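Listed features, source Swiss-Prot:
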{"type": "BINDING", "residues": "CYS38, HIS61, CYS148", "note": "Zn(2+) 1 binding site"}
{"type": "BINDING", "residues": "CYS92, CYS95, CYS98, CYS106", "note": "Zn(2+) 2 binding site"}
{"type": "BINDING", "residues": "GLY172, ILE173, GLY174, GLY175, LEU176, GLY177, ASP195, LYS200, VAL260, GLY261, LEU262, ARG331", "note": "NAD(+) binding site"}
Amino acid sequence: MKAAVVEQFKEPLKIKEVEKPTISYGEVLVRIKACGVCHTDLHAAHGDWPVKPKLPLIPGHEGVGIVEEVGPGVTHLKVGDRVGIPWLYSACGHCDYCLSGQETLCEHQKNAGYSVDGGYAEYCRAAADYVVKIPDNLSFEEAAPIFCAGVTTYKALKVTGAKPGEWVAIYGIGGLGHVAVQYAKAMGLNVVAVDIGDEKLELAKELGADLVVNPLKEDAAKFMKEKVGGVHAAVVTAVSKPAFQSAYNSIRRGGACVLVGLPPEEMPIPIFDTVLNGIKIIGSIVGTRKDLQEALQFAAEGKVKTIIEVQPLEKINEVFDRMLKGQINGRVVLTLEDK
């Protein structure tokens, strides 16, 4: 089968023929139709996170396609089902985290396109219990980004605890942030969009943001305090330490700051202010299978629509180069042509 393979960190991926995976008990073989491209894939290809991915590696954790083979013990899926393979490739299923609905915190999880091969290939082996079905009225290209960008921002908004009518700030209106604005509006929240690009703020307005602010032109936290008394919650998708600091300062008493982006720096927290003002600081990573089902349903109902750019798998190195330069609008989705 054709695949894009990381053979050495920080080297271009190689488009090559590799062995088609075989499946065993509890697994399915998925014929990949499309796979979204995420910044995490770039980190995997560069090997620049503390825990390195396996090598060689087929990246991709937004792979979607059709079940082509069903292994022994699989009863809830059949050949022809439309499914996606998320970042949470599998978890142990019996630890405290798994049993309490926090499977994304399982210490024995496997991750698609990182610890196991992912969706940058014509076929992908998957743990049947962890693939998620795609609603019939959602195309593969539309569905792919929901498996990471969608569910990640949807879950982040859920954990803010913000209620309909309250204010939430979305920091960074990129691949995740532009989806977050739409989920927030669909959930009945008022939205302040924050970005250093005016074109991104115009997009946020088109997507329903109630207020926008460019922190290069004015103090974003001060703007929010003056306009709405501070936001009830902030979700930071930007990979930027200043964005995290501004988000913290934008929150009213009793509010929540949810961290999603992964900048390399440390972030100092003023303990006195945090305690005195009852500020909650929450880390949020992707979402559970249930979160993903809910996120997909929003998209299927037309309430959330990812801005996508479709490219063939062979263009992956060009896509990575553009991603490094910040030249991607929305999300890139790779497609794989049928043989």
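We count from 1, first residue shown onward.
Note: Cβ is positioned from N, Cα and C throughout, glycine not excepted.
Everything Swiss-Prot records as a feature, shown here on the structure.
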{"residue": "HIS61", "record": "Zn(2+) 1 binding site", "DSSP class": "coil"}
{"residue": "CYS95", "record": "Zn(2+) 2 binding site", "DSSP class": "coil"}
{"residue": "CYS106", "record": "Zn(2+) 2 binding site", "DSSP class": "coil"}
{"residue": "CYS148", "record": "Zn(2+) 1 binding site", "DSSP class": "coil"}
{"residue": "GLY172", "record": "NAD(+) binding site", "DSSP class": "coil"}
{"residue": "ASP195", "record": "NAD(+) binding site", "DSSP class": "coil"}
{"residue": "VAL260", "record": "NAD(+) binding site", "DSSP class": "coil"}
So of all those binding-site residues, CYS92, CYS98, CYS148, which one's Cα sits nearest to LEU176 (NAD(+) binding site)? CYS148
Packing count at CYS95 (Zn(2+) 2 binding site) (other Cβ atoms within 10 Å of its Cβ): 16
Inside 8 A of the center formed by the CB atoms of CYS38, HIS61, CYS148, which other residues of the chain have their CB, for the recorded Zn(2+) 1 site? GLY36, THR40, ASP41, GLY60, GLU62, PRO86, TRP87, ALA112, GLY113, PHE147, ALA149
Listed in sequence order, residues with CB under 8 A of CYS148 (Zn(2+) 1 binding site) and six or more positions away: GLY36, CYS38, THR40, HIS61, GLU62, PRO86, TRP87, VAL286
Pop the Cα-Cα gap between ASP195 (NAD(+) binding site) and CYS92 (Zn(2+) 2 binding site) into the table, whole Å please. 39
Around the recorded Zn(2+) 2 site (CYS92, CYS95, CYS98, CYS106), other residues with Cβ within 8 Å of the Cβ centre, ordered by sequence, are ALA91, GLY93, HIS94, ASP96, TYR97, LEU99, GLU103, GLU107, HIS108, GLN109
Please name the residue among the binding-site residues CYS38, CYS106 whose C-beta has the most neighbouring C-beta atoms within 10 angstroms. CYS38
